[in-house]
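Per TrEMBL, NAD(+) binding site is recorded for GLY17, ALA18, GLY19, GLN20, MET21, GLY22, ASP41, GLU100, LYS105, SER127, ASN151, LYS282. The feature CoA binding site is assigned by TrEMBL to SER57, LYS64, SER127. Under the heading domain '3-hydroxyacyl-CoA dehydrogenase NAD binding', TrEMBL lists 13-191. Per TrEMBL, the feature domain '3-hydroxyacyl-CoA dehydrogenase C-terminal' maps to 194-290. The site 'Important for catalytic activity' annotation in TrEMBL covers HIS148.
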Amino acid sequence: MATQATEREIAVVGVIGAGQMGSGIAQLAAAAAGCVVLLLDSDTAALSRAVASISSSLRRLVAKGQLSQASYEDSIERIKCVSSVQELCDADLVIEAIVESEDIKKKLFVELDKITKPSAILASNTSSISITRLASATNRPCQVIGMHFFNPPPIMKLIEIIRGADTSEEVFTKVKYFSERLGKMIICSQDYPGFIVNRILMPMINEAFWALYTGVATKEDIDTGMKLGTNHPMGPLQLADFIGLDVCLSVLGVLHNGLGDSKYSPCPLLVQYVDAGRLGKKRGQGVYSYGTRSSSIKPRSNIDTSSYAFETIGDCRPGLDYVNKYSGKMAGG
C-alpha cells in the first residue's frame, strides 16, 4: 500500500536537544515508530540523563504489561547518542527541540541544511515561531515543517503540524503518517503566530496572571475556578508552571509582535517572575513552589514591559550547547 511505503521512508530520526522534550520525542520515535534515533547533544551528562529517563519510562510500560521486555531492549538499542551535527548525515527526518529562539533555530537550520542528505526533512518543535521564516534559512524550504509536540511527548496525545509557505504536499504527507506511527492525533495549522493551541491558550494564561496581579483572587482560587468551573484538568497558573514561564513569555512575545494586538502584551507579573528566574516546575519555583527553591517575590506594579526583550530558556535542558554555539551566550537550564 502507498501509505506503508510512505511510512517506511522515515527510518532514521535525528533529535536535537536531550532535554525533556527531546528525550520524549526520541522515546516515541524508537519505541512507537521503531526508528533508529540519533539523539544529539554535546553535553554527555545530558545524554546520559535522557537515556536513563527513557529507560525508566519504558520500564514502567513493561511493568504495566504495555510493552514486552524484548521490545524494551530493542527500543533502547535503537537510540544512539551522538555529539556532533555531522553525525546526523544519514537521518531521514531531523527534529530540533532546542531553545525557543528564532535566530538560534535559523542558525541551526543553516548547518543542518549543509550536512543532511538532500532528501532529509527538517522539522522544528517550535510552539510559535514561523516555519516559513525558519525554512527561508535553508535551500530546501519545501522540506521544512513544524512538528509541535506537547509536554511530556510520550503521554500527550497531540501533535500540531504546521506547513510553511513552501512545504510540499509530499513532505506533509510523510510527516503526518510518521506522527500517526507515534500514536498521536494530528491537527494542522496554517503558519500564523502561535498556531492553534498557543494562540488560544496563552491569552488565557496571561489573563490568569492579570487576575493574580490585580488582586482579583488568590492563585489557588484562580486555578480551582478554572478546574471545577470549566472542567480543565489543571488550572492556568499551574499549567504555566509546567510549560515554563519563560516559554509562556516567549510565545506571548511572538503573538504580540506578529499580530500587533495589545491583548497579547504580557502581564508585568509574568515578566517579573521570568526576570527573577522563577520559571516554573523545572526551576523548583514559579507561581507555585515545588520544594527546591524557597525565595519569595512580591508583585510590583511599576514594571515597564514596553521594551522587554523576549527570550526563553525553553525546555528543561534545551540543548544548551547550541545556545552557546549560535548565540554566544549561555542560557540557564
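Even glycines carry a Cβ here, placed using N, Cα and C.
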Integer Cα-Cα distance in angstrom, LYS64 (CoA binding site) to ASN151 (NAD(+) binding site): 22
Neighbouring binding-site residues, C-alpha within 10 angstroms of HIS148 (site 'Important for catalytic activity') - of GLY17, GLY19, SER57, LYS105, SER127: SER127
Candidate with the highest Cβ count within 10 Å, taken from the binding-site residues GLY17, GLY19: GLY17
Candidate with sparsest Cβ neighbourhood (10 Å radius) among SER127, ASN151, the listed binding-site residues: ASN151
Number of helical, extended and coil residues in the domain '3-hydroxyacyl-CoA dehydrogenase C-terminal' (194-290), per DSSP: 66 helix, 3 strand, 28 coil
Fewest Cβ neighbours within 10 Å, where candidates are the recorded positions ASP41, SER57, LYS64, LYS105, HIS148: LYS64
Predicted model, mean pLDDT over the domain '3-hydroxyacyl-CoA dehydrogenase NAD binding' (13-191): 96
Integer Cα-Cα distance in angstrom, MET21 (NAD(+) binding site) to SER127 (CoA binding site): 12
Rounded Cα separation (Å) that holds between LYS105 (NAD(+) binding site) and SER57 (CoA binding site): 29
C-beta crowding around MET21 (NAD(+) binding site), within 10 angstroms: 27
